[in-house]
Amino acid sequence: DICTNCCAGTKGCNTTSANGAFICEGQSDPKKPKACPLNCDPHIAYA
């Protein structure tokens, strides 16, 4: 399992659940990372 959340995901990269449902797009710019909580969103299976 991966451990990520919408905030920590990379901008432009979508996260999906185990059945392929779209959850969110990442919000963190690799050049200017956001300060994100390190919690795992249990719904996110792929990023």
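Every residue, even glycine, has its Cβ placed from backbone N, Cα and C.
According to Swiss-Prot, the disulfide bond annotation covers Cys3-Cys40, Cys6-Cys24, Cys7-Cys36.
Following the DSSP three-state reduction, the secondary structure of Cys7 (disulfide bond) is coil.
Within the set of disulfide-bonded residues Cys3, Cys6, Cys24, the entry lying nearest in space to Cys36 (disulfide bond) is Cys6 (CA atoms).
Cα-Cα distance from Cys6 (disulfide bond) to Cys40 (disulfide bond): 9 Å (rounded to the nearest whole number). Taking Cβ-Cβ distances under 8 Å and a sequence separation of 6 or more, the neighbours of Cys3 (disulfide bond) in its chain are Leu38, Cys40. Every protein chain considered, the tally of other Cβ atoms within 10 Å of the Cβ of Cys36 (disulfide bond) stands at 15. Across the structure, Cys7 (disulfide bond) and Cys24 (disulfide bond) place their CA atoms 9 angstrom apart. Remark: of the disulfide-bonded residues Cys6, Cys40, the most isolated position is Cys40 (fewest other Cβ atoms within 10 Å of its Cβ). DSSP gives Cys40 (disulfide bond) a coil state; it is part of no helix or strand.
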